[in-house]
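Q: Can you keep this structure in mind? I'll have questions shortly.
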Amino acid sequence: MSLNQLQLSLQFARFAEAPVHRAVLSRSKVTRWIRHALAVDAEITVRIVDAEEGQQLNREYRQKDYATNVLTFDYQQEPTAMADLVLCAPVVEREAREQNKTLEEHYAHLLVHGTLHAQGWDHETSEQDAEEMEAYETEIMVELGFADPYAK
């Protein structure tokens with residue numbers, strides 16, 4: 001399988017638990033996970049933030065006043081995808097615990113999910129789109145050696 005090129009910027013906001021998340025998110029892992037979800041070459045910034053920054057961005061850009069797991073800001077989809085993926089560390093950590101997943105596994109899934117959004121995939125437009133996106137996410141996660149993220 002030929003993987004597309006990725007220009008990655010990986011950023012960690014300053015917060016108390018940042019070292020834990022930095023240890024899980026090596027540049028090589030993040031690059032591998034994102035590249036498996038790319039259908040085109042890409043320039044992507046991944047930023048790991050605390051709850052305060054996550055909530056502020058979600059409120060400002062989606063008018064939802066809470067921190068969410070991943071926000072995708074896509075600027076261009078072709079010929080090169082350009083996007084920022086913002087992941088809220090406390091939310092990711094809580095969800096991983098609630099779903100009995102490792103932190104690494106949940107980050108991998110959310111990075112795949114956000115990368116698909118950066119290329120125009122959308123699960124909020126219709127049930128069919130949601131099913132197609134979930135099926136593709138599952139296929140990618142299995143290729144990466146992880147379990148089906150939607151398995152009950």
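Using N, Cα and C of the backbone, Cβ positions are placed for all residues, glycine too.
According to Swiss-Prot, the feature Zn(2+) binding site maps to His113, His117, His123, an assignment based on sequence analysis.
Context for these features, please: burial, neighbours, distances.
A: His113 (Zn(2+) binding site) carries a helical DSSP state (H, G or I).
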Q: Ranking the binding-site residues His113, His123 by other Cβ atoms within 10 Å, which is at the bottom?
A: His123
Q: Have a look around His117 (Zn(2+) binding site) and count the other CB atoms within 10 A of its CB, chains all included.
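A: His117 (Zn(2+) binding site) is surrounded by 21 other Cβ atoms within 10 Å.
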Q: Going by DSSP, is His123 (Zn(2+) binding site) sitting in a helix, a strand, or coil?
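A: Where His123 (Zn(2+) binding site) sits, the three-state DSSP reduction gives coil.
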Q: Within the same chain, and leaving aside His113, His117, His123, name every residue whose CB is within 8 angstroms of the centroid of the CB atoms belonging to the recorded Zn(2+) site, in sequence order.
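A: Here the nearby residues are Val70, Thr72, Gly114, Leu116, Trp121, Asp122, Met133, Glu137.
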